[in-house]
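Taken from TrEMBL, the feature transmembrane segment covers 36-58, 221-240, 247-270, 302-322, 327-346, 352-372, 400-430, 552-576, 582-615.
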């Protein structure tokens with residue numbers, strides 16, 4: 001092969017590589033679709049989810065759920081077809097629109113369902129019926145027969161089957177549910193056992209009633225406190241950049257002081273044991289030798305704890321010493337993140353949009369799941385003799401498909417939020433003149449996501465699904481086998497669950513950075529994940545510092561919002577003298593405030609992570625020279641300048657050390673035989689002496705041609 005052609009081709013490859021490097025980490029104007037096969041696969045999967053809903057509607061499962069059905073397979077409120085092998089099926093229930101349970105308090109705690117026989121009736125009893133005569137009179141007056149269809153209403157009091165085919169006496173007054181047409185008792189005291197199974201801490205109905213009464217009496221205060229938590233979360237996202245420095249250094253000081261104090265206490269306890277433990281041991285030795293062994297074990301345990309705490313404290317102090325510069329980077333990133341929310345105020349609406357999207361999907365998913373529970377072939381329950389509808393054969397896997405859809409689509413919605421936030425932050429960071437930002441960067445990011453990157457989001461969310469589903473299955477197995485498995489199996493299950501949880505968290509973090517890389521490069525998921533991983537590995541210490549300190553600062557922010565809301569709740573609820581009624585309202589307010597704070601500060605955390613990735617890319621490919629100007633904000637620029645000044649100072653110190661070392665190498669001490677050193681010239685201005693070393697003496701003390709001139713600073 002011609003070497004010139006080879007060299008020209010290699011030069012062309014180098015130029016292409018350099019061109020690619022220059023374009024690689026920049027927000028491209030000409031974007032392209034990424035991971036299109038995964039977008040098609042996700043579309044097909046969503047079509048399958050919709051087909052399940054259509055199947056339940058066509059086969060009558062949705063109608064049976066909404067209108068209800070009796071224990072013979074008849075749907076209330078419509079004409080039914082005969083079911084083969086099921087007696088009293090195929091009845092016309094056009095006038096019977098409500099489901100009535102003969103014993104509504106007969107609830108299966110494990111399966112969470114009513115085991116009583118169900119009938120379709122035309123009217124729910126609105127007053128208590130104490131005798132069978134009352135049942136007869138209610139049926140004759142209202143035309144609503146509350147016993148089984150084959151029993152004549154006028155013979156209710158004398159029929160032998162009345163104990164099994166008629167409702168349990170007394171029949172409590174009931175009213176129909178607004179949508180689902182079930183007759184439910186007005187007094188829910190018969191559901192106390194079911195409530196105890198769900199709410200285990202309630203052991204007394206009076207306590208439950210008092211708690212519910214407290215919530216009902218304080219509903220306006222609860223709503224006001226929830227709005228307060230929402231307002232505080234939005235304010236904290238803006239002002240956290242002003243208090244982040246104080247929080248970070250307070251946190252660092254507390255951690256260092258806490259570790260030093262804990263180590264000191266452990267050593268004090270060990271020294272105290274060594275000083276006074278021997279006397280105690282000598283006394284105990286006369287009583288029992290076993291107690292002496294216990295005392296010795298305690299001393300050894302204290303020594304181990306003290307040594308471990310000392311090692312931990314030393315490592316912590318060294319980490320704080322070497323990572324103090326990176327703490328300043330965390331503060332700078334928090335400062336810039338606060339500016340992002342000022343320039344992009346619509347970011348604060350992202351938690352609302354994501355929450356409502358998830359809420360709508362979860363409602364749809366639960367409805368379809370309930371439809372599946374009333375879909376399938378009629379099967380007679382061997383235990384109760386009632387007719388139920390179950391999916392049989394291959395159709396039973398529809399539930400599993402539906403369960404996978406819950407995880408994948410939920411993760412997809414969350415990933416869309418991450419991609420949207422990342423796209424807006426990338427646009428902000430790589431726009432030098434912030435006054436020239438797009439009018440709606442959030443909307444532009446959403447449009448780019450929908451047009452180009454839905455496949456990337458689908459692929460990333462599917463990877464999380466592959467890890468989350470096995471973890472959920474193992475958790476379900478662990479709960480089902482609780483108290484039945486041996487210690488080894490329980491330990492293995494918990495270990496697997498913990499490992500899968502850690503893997504899921506790591507993949508979530510990598511996915512988030514991959515979405516940011518896609519927003520910058522418009523590359524596929526795998527390419528973006530690889531590029532982001534390389535950047536993160538190159539800045540591993542910075543990543544560790546930001547995640548450790550930043551996450552704890554955000555956690556402190558959540559605690560601040562919760563405690564402030566709870567304190568305001570205590571002040572507002574102070575008018576109620578029954579302090580037991582404070583419990584449930586305060587719990588509701590605290591849970592809601594923590595949830596709101598978590599949603600908002602998770603957006604702040606995403607912004608910080610994306611800013612760090614952009615900062616790392618900016619410092620890697622730009623150096624501030626003409627043509628390679630930085631994109632970063634002034635706060636980050638100050639951090640870079642201070643880091644460079646520190647690096648220059650360190651380099652100057654190293655160069656001085658090298659000069660001294662090189663001079664020292666030249667003046668290594670030499671051993672001469674007596675009489676060999678002929679003459680030492682006068683000291684030069686630099687502080688050196690010139691030493692003539694000759695093999696033998698010469699006349700007039702003149703050096704020979706083969707004499708060596710040696711410098712010596714120490715003569």
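Here the Cβ of each residue, glycine as well, is placed from N, Cα and C on the backbone.
Long-range Cβ contacts of the transmembrane segment (400-430) within its own chain (Cβ-Cβ under 8 Å, at least 6 residues beyond either end) map to 26-27, 42, 45-46, 48-49, 52, 340, 343-344, 347, 350, 353-354, 357-358, 361-362, 365, 368-369, 372, 437-438, 441-442, 444-446, 448-449, 453, 456-458, 460-462, 464-465, 468-469, 472, 511-512, 515-516, 518-520, 603, 606-607, 610-611, 614-615, 618, 631-633. A contact between the transmembrane segment (552-576) and the transmembrane segment (352-372) is absent, since fewer than 3 of their C-beta pairs, 6 or more residues apart, lie under 8 Å. Counting C-beta pairs under 8 angstroms (sequence separation of 6 or more), the transmembrane segment (352-372) reaches the transmembrane segment (36-58) with 3 or more such pairs. In terms of C-beta pairs under 8 Å, the stretch of 302-322, 327-346, 582-615 lying closest in packing to the transmembrane segment (221-240) is 582-615.
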